[in-house]
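I have placed the structure first, in the form of structure tokens, so that the comments after it can refer back to it.
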Amino acid sequence: AFCRGRVVRVPKGPLIRVVGTEVVIPCSVSDYDGPSEQNFDWEFSRDVDFVRIVSTWDSTFTSEEYQKRVGHGDIKLRRSSNDAVELVIRNIQPTDQGRYKCSTPSTDATVQGNYDAEVQVKVISDGLSVSGSKARSSASLRLSEGDSFKLRCSAVTTSAEHTHLHVTWQIKNGSSWRDILSLTHEGKFQPGPGYGERYRDGEIRLDTGANDTYLLSVAQASSGDGGTYRCLVSEWVRGADSSWQKIQEKSVEVASVAIQRTDVIISTSNVSVNERDSLDLTCNVTTDRSGIFQAGVMWYFSSSPDDTLADAQLLLSVDHDSVVSDSTLISLSHVDRNSYRLLVRDVAVEDSGYYFCQAAVWVPQHNGSWHKVVERTSAPVSVVVTALEPDYEVFLNASKTPKFSDDPTELNCRITNIQDTEANTRFTVSWYYREHLPSDDVVPEELLATMDADWTLLLGDRSRERTQNGEIIFSKKAVDTFSLRIQWTSESDRGDYFCIVSAWSRHRNNSWVKSKDVISSSVSIFWATQDYTLTVEAVKLKPFFVAGHTFEMTCKVSSKNIKTPRYSVLITAEKPPTDQSNPNATTRIISLNQDSVVRLEDWPDQTRVDGVVLEKVQENEFRYRMYQTQISDAGLYRCVVTAWSPGGGGMWREAVNGFSNPIQIDFQTSGPVFNVSVHSDNPTIYQGELADLLCIITTEGMVLEPDDMAFDVSWFAVRSFALDREPILLASLDRRGIVTQSRRNGSSDLSLERISPLEFRLRVHGCEDHDFGNHYCVVTPWVRSATGVWQQEPDIKAKPIFLSVKMDVLNAFKYPLLIGIGLATVIGLLSCLIGYCSSRWCCKKEVQETRRERRRLMSMEMD
């Protein structure tokens, strides 16, 4: 396994070959040093001495007795790779029997391995003979499609060696031979490519008979079985390495077989017939079969020429016993021996398509049964059924045209000059609308409604809701007249209208098929309109008032070009900006619709729900009152008015919107000015400690009694250093003393209390690390006026203070250290106890020591 050297290999002998055949002996070398391309020398010996035959590198290597054969090419070397060659001997003779040695000149640095190899070649006589059938009739066969035939060949060998025969039947109906069925040298049957299924079905068989004959049986012959048949026989022998080797091959042409094809043709090519006429097609079965046979025919119909039989519709069929399937309007008749006629009466448009027939030829068996020998399908024939279209015209006119909005509109679509119509024809209508534009832009039409063949009305998206509400009515006034009526025409209905009348024909299955569409000319519905105008004026009834009094203003409305208008009013307020991120915020306060229904919109003060009133004084005048006004009510107030005109079905239609001039509420007051600040004696604390935060309120200007002041205080925290996150509400205390806390996730707790009239304290008990951040308070002052009414002042936000929470390292590690030291001490003592017990009782060993008696003194040397 650890040695490496040159290895020259030839096949294991002896090699048995037949005289007169070509012999190929390969030789290869491996595990060598030097160049990749190696040279080879071949020598031959019959007894002891070797004679040089041929070399790859020395042209003078060949001995004199082989120079003629090598020069003529009967013996040559054929290189298959850089390290392998083949010795080729054509027409080997008995004198070539002997030992052949292949050697390689050394290119190695050291001599290692073998540099030559020998193989024994044995030449035997040719004992293989192959012959076909001697009958002259079998040399050329002319058969009909579906027939059966048999071919016979004989193969025998007289070789002294133990050889096996490999018999293959082949066919040639083109440029090359194809395998049909083989009986291999190992005794196995092997079908050729494309013959596996027929072999498994028993249609192709190979049988052995007496006198070394091999019989090929073919049943149900098809057109592809026509051609030249030959019997190919090869002789095989098992080599020394137990592998099979082919030593020779012979063939003989046995017969030429011609198969007459059975064709199925429809005599008529593409057909065009009129509706209500009859369709006549004939299926012809062409065959040269002279014996007794019967044909079975089936007629199919498909809508596409590419449909398969599974997709096609079976019309009628007749079997080989001349039994015809039943049908009312379709008949199938046997005209003569090979013709079958299909007759379709009263054809309709849906009969247009592709027709084809399938024919099967049946022959009688010896037991009286019938056997199907061939089946063919014709090419499809295209049949076009031309519909009989009725001739008519369509006229559209407007019997009622609107001159103003909400006037009715009525259009009549009439069918005129009806000709060539039958009793099985009915008419339906489709209504379309196209918006009218002053420019030449193309606008797509919109479907209003359409009728199907059963006169069922199908509504379009544009008219569905209005039709269901009764605003649009589609009707049929007479047999030839269809009507479209719009009860209340609006500006969006202005445009072009047209109708399409469809003719429908009844077919044999009582179904209706559209045969023709006729479009009418368009009718324009349009009237001149003037733009709506709306003017709204707001007036403040009391020019000056103070907080706590009633604010009152009226809105007067005037309009033009609006028919019997009604108004809906909305009161809005634009508060002064208290936050720069949302300036001029508009609030919807209260509204009154066109039916005088009042609705409170976004009124923020739930304690004064009844403090705002909006009422209708006259048809075009509205009054707004706000009782007990607060300082927070300051801002600009407007009236937003919408004019409505009556629409169809008692509905109101929005006409135009308008805004009034603003009325300002501005409280001029010399009351106190409040300031808020946040203070903490110790903003940096450790975990678990108590944090105190004070919200301190100071006043400037007018001095008020503590009982005339009240405050809503809310505490917020921003869990960041840069105030870049949303604030979190911690707790709030309203002016009535009710404390509200938000939900907390940690174990710390909060308390909020009032410690003086102008100081509020927030305490965080048991601080945790998530309690850090910027903390600030927001104060809403309330001041009681001389009339006893509490007035809300604007909110005041204090400057935030940062609360830092640190961790006490000593307290954090005190208990873990004590626990660790205690456990280590216990484990150490336990280890000492276990060691002492083990050495005392478990591992004790008695040592016997010889004691020396010392009865007298000894010298050092003796000791």
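A Cβ is built for glycine as well, from the same backbone N, Cα and C atoms used for every other residue.
For the domain 'Ig-like' (20-112), the DSSP counts in helix, strand and coil order read 11 helix, 37 strand, 45 coil. Sequence annotations record features per position, and here TrEMBL assigns domain 'Ig-like' to 20-112 (among others).
Positions annotated as domain 'Ig-like' by TrEMBL: 145-253 (among others).
Here TrEMBL flags 262-359 (among others) as domain 'Ig-like'.
Residues or ranges marked as domain 'Ig-like' by TrEMBL: 390-520 (among others).
Here the domain 'Ig-like' (672-780) has, by DSSP, the following mix of helix, strand and coil residues: 6 helix, 62 strand, 41 coil. The domain 'Ig-like' annotation in TrEMBL covers 672-780 (among others).
The transmembrane segment feature in TrEMBL is assigned to 815-836.
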I'm checking region-level scores; what's the whole-number mean pLDDT for the domain 'Ig-like' (20-112)?
89
Could you give me three numbers for the domain 'Ig-like' (262-359), the DSSP helix, strand and coil residue counts?
3 helix, 52 strand, 43 coil
